[in-house]
């Protein structure tokens, strides 16, 4: 199926999906044939370059693209390329994915071909066409025939909105966006959208009207809630009549009429985000009700804990679990929670209360060991309580006894955080400590690679200088005057240098350990010191390090021994801690963990590709295990100038709850700021050490799988050497039994950890979810952002063991399956060709497409293996907000900036068609930030921002904007500050000028467009999914 | 006889040689019947203020197997400018530089009074002296402090161009790099891992292209900082640095749990020290100075585990084969000692601890390399401090009394062969025509390496007469022996000291009286004692004693005058009269008796016995006892319990201890404070006299003896009581019925009993 899925797409494809994005505009309807493409092309052209021409072609043959998608194979090709020249390759690549990829425009070939598809195809095609209109036309249609027709039309370029159409209508409440689908007849629905021309498809998906043109959808909304959107499907694209309305649909509704599948007519993530923000932003969200759906991660609001953990700590893929596993299987919606136990909470929300039960420790259920929480039911006048998780009835310990009031609640209900709050902390007793001894305060060890290149490029000096100031800000517990963290320093190349910085020494002492095969810690006293006490010695040391190695010619480095040394040091000091390793090269020196350059592009696209993501030697895994066992977290700052085997080097940081930072081709004068910000941030961030997390659930289901920066020695205890405020663990649940709607599904996540001051604590988060035997309830309660987080982590974990092709297929299949199930069981009857999406999953296709286009899942030799391994690793620990931004970047027009206001300009969809030559746009995905300058950017803005007279004078080498006194500069920089603020990684700023080579990089982040290295456009993907759904429904 | 005594003394002063026999029996058979082998005590570098070295090189015999050096015994044809080698009779041309010689213009080496000549070799690179300190940091705070101070002080005593290095160890071993500015840097090694020399050198980064050892180059280290220079630096450059570094040395920081010994990686530390020098300065004089405050407790060379409840091995354990680490540790240290010796490096051990420190296992390090072994209770005692300081004492020329990397070669005339040597040396395994097949001591070679020696270092050299009985030597024939010592002088010069001696041959049958008269019983006692101690290292104690006894009886039989079966008739001539008494005390000495001594103490005593000169050796065998009283000037008295009188003050010198013992009455007087009363000033003087004399001994002796001040009934009086001849014991006290002397509570036989038995056995025809 899956494949097919993709395949299916093809049909759409036809539409030129390729165009994808761009297309939209144009094309909407236009069938393929026509050209919508052209337009599309055009744009592309710019960017993509070639495109244009191709574009045209495509139309012609729509097919090409298609292949991609699979099926079509046939066609595929052909034309493909058209668009971009470049793309072609893609196609090739595409195969696999096929679908996506195609170059953008290439539209998918009409490929369609496929039978199955066919039907859709048509429609889609239509849709497509529409949608894209443009160009591609119609591919869809099978390429051939049909499409064209339709497509043609529209051609018109975009008219924007159109598609939607009605959507507004759709608006509907209902959520669902329905895209029409394919099914629909080929023809599309087209839709309604009136606007759009054609009007075809009509909104509601249902319609589907006219195939052709219509694709678009008008949104049809048809459906009630759910989905309607979908209407058309025009290819997905369109289809969705409601197009974007969908989103809006609900709310906004406004759709306008649109025409065919106008890109605007398909559900817009921006719209969804804005709607949620409009309705829930700035309000107080109280967690008093079980199973309520929190605001989106992108919405700012104040959260008040009234018995369930704040969504900042736990988010779920759905807040209503199906009662039975059969239901769960039917829907195929993953049941998962993304837990960020140390999430930062804003200052206007109450910090966690600390509960101290003295020597007896926390009150726990005798049977399941759950901690006292709001889910415990007191009975028998308060003498006993029934555990909400396992139903065991326990005696209340005498010291804890309290009478009950008339509604059976303890009189002290509001006085005890553990009875009334979803999240709180317990003071842990000695029973919860290693060896029953209170832990020592943790330590930070800084380990600097002082091999030749690092000295030469000034990195060592930079680090040493920075440490002098950043150490002043070591994290400390609330009232502490100075941090109780201790610090230590190691430098290394192919041997290790430990430093004695005891406060009584006049100058630091260096101890060289050359026995890297069996590293040991050469000193005890004086290695880990209080920064305050040893400040002068430490400064002395940091001053000297760069000079000490100034003459070194040592190029070789070791790596595993460095980690082992740090771990042994912590072990010797009997404390947990964190290693900060600053490393830059492949560790080739003779030592355990020695690595070879094994970056073999030939493995790409084969079943062995997974090897590239696995560590090269079996040294690192046991090392990580040892680290975790001793509470040693490893954070790695990598400064590679070539292949360094991130997959191997990153393993220990990954498994120990550390962070991996990577700065390619680091240049001190350009990249210092980014690195230093990351370093400061990482040092200062809130962190817990030597943690064990246990997720308990009420009977009927249980946690079965965990993803994140964790190490599991058994199936239940999640061990983490450390966990900081940015790390999230995604937990998947499965049924063991039936759940009851009455008691719901309860989750208690307990994290036992050591604070920065060396106290042992338990952090408890409780969350109650609903259960329902109605699928509709389930779909209503889903959260797409969380779903994508789950899908991303499970896919990225699977990358280690399965061929990428299989993984991609599974993702597409599951997406289609979830939507098909909805369509079949929840949506009101509508034309088969209509794509109907549940409201809560309106943007699932676009996000899923983004995930599929991520370089980790793209098998392309052009992408550096290290970069893929790096991103894979990053995503594994991301929280919901991080993954949302990462997969769907924020793109904001800067030229519309209102210098008098502090609000950011509204984000726009990530598609090239949204850019304009006269504009300046800022794109951010959590790792990178791009400032894109249109060729006709207003000179006054250029002057204001860069202090140069014109576009041509702008120097794109800078990574920081100059600080200028004018309002543009100030506002823009402030804006960038705000955007940066919440993210764990400092984003590297790249200035991109339209039509210059570096723009290629930027384009990869326009995720609704066809990817540079493959990956289909949003529209194409929607078509593909639609087709897949139709197949499932049939 | 006086003439012989004078002759012996004169020879000793001039050549540093004393022979057991000064007239040699001329045949092999007769020689073996002499019982005491033909042997000599040789002090190769005996101080000769009156002997300026000559600034040219020696003239060698041209026969490749001989290469003897021109000496006063050679026959010279002044006209033909030829000389005949007195060892091989090769006729040699004088080198051109000798063209001007004549009967009246002789080079020094031909003059009879220059039987010992010292040549200075000008060729070859000169190496600065190298001192590598290897310091244990598992010490008590005040011990460490005292040691640090001593080390700092020693820096000021070193020549400015000497290279110094520092290794410290405890649980880990740190090799300090002395060249860095601003930060002190050290390389650290795990104390438990046995590393090969190659590994050590790799880890220290010493394995780049062989570093030419031109230590003299430190002048330009800036341009070519040789890798080795990182760890061994000229003292003048890093004086301050090293002083600070020593000042900052901390006790080993690793916690020592209750009931455990600190983990001390002596074996690895020494291994690294040896490896470091081996890799950087092979065949260059260097001193590794190891300071330890306890036994090695981990890694290769460990002597005892870290559990305090398991005590370190005792002689009892060793006899019962219960010392589980001993063999392995000994092997480890022997391997190191041999490597150090092969490279010409000497190892000193300064062990200061109340308990044993493993000297038994480590003794080979000093014994094979000529290093010093010092044993004390604490580094914070004057015993250690002054001993250590004395290492750096200088001679009248301002040079250190130490020499390095010496090679001692012995050449003999044809009638003799060399059987072996006993002393701080290792064999160089040089076979040659003058090497005997029978070994006494370290034999099978005519050359030995002595890595570290000083003006008092003394070896026993044993010979074998090989002349057959049927090839008589003509009357007036003389045998000759040449000792050639090539060494690195402390001024870094290479020097060769040549001593050539000759003695008359005599036919033992016809001229026994001559031979008997020329017997040097002191030298013989020491030489026999060395043989006995040497045997004791490898044989069971009782066997050695029996061997000694048998030798003594045979000697008495051979040279005594007696009527068979009549013990009362037994007499020994003057030249033999003291010999039995030496043997009596030797039998009781700690060199052969392990009772009451720990294995470490035995090793320590034996170490010194094998390297001290004759005078000191005799003191060790038979301590000297002086008596002070109002009855007259101080006088030496018999080492006998009868000398312990109430109104005497005794001063005993055993070499290792100086004991001042106040007799009962004297002690009472002192308690009563008479010495403080002006009218008893003479008493005060009496008390002071032995103290002054003791100080004198203390000042001259190396190692500094343990100084004990005790009195009648004092617990420390045991040192005296254990040494004196127990002529009065609890067994015979009343029998004797005398009031003099003090009874010794012992079952040991007294000298009188010993002598009685000896006479009985000597005259008996049974054996």
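Even glycines carry a Cβ here, placed using N, Cα and C.
A quick note: this is a predicted structure, and the numbers were derived from the prediction, not measured.
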Of the ranges A:238-268, A:269-299, which one does TrEMBL list as region 'Disordered'?
A:238-268
Looking at the stretches A:362-400, A:439-682, A:784-883, which one shares the most CB pairs under 8 Å with the domain 'Gelsolin-like' (A:902-976)?
A:439-682
What are the DSSP helix, strand and coil residue counts for the domain 'Sec23/Sec24 beta-sandwich' (A:688-771)?
0 helix, 55 strand, 29 coil
Given the model, what does the mean pLDDT over the domain 'Sec23/Sec24 helical' (A:784-883) come out as?
90
Helix, strand, coil residue numbers for the domain 'Gelsolin-like' (A:902-976) per DSSP?
24 helix, 12 strand, 39 coil
If you run through the domain 'Zinc finger Sec23/Sec24-type' (A:362-400) with DSSP, how many residues end up as helix, strand and coil?
6 helix, 11 strand, 22 coil
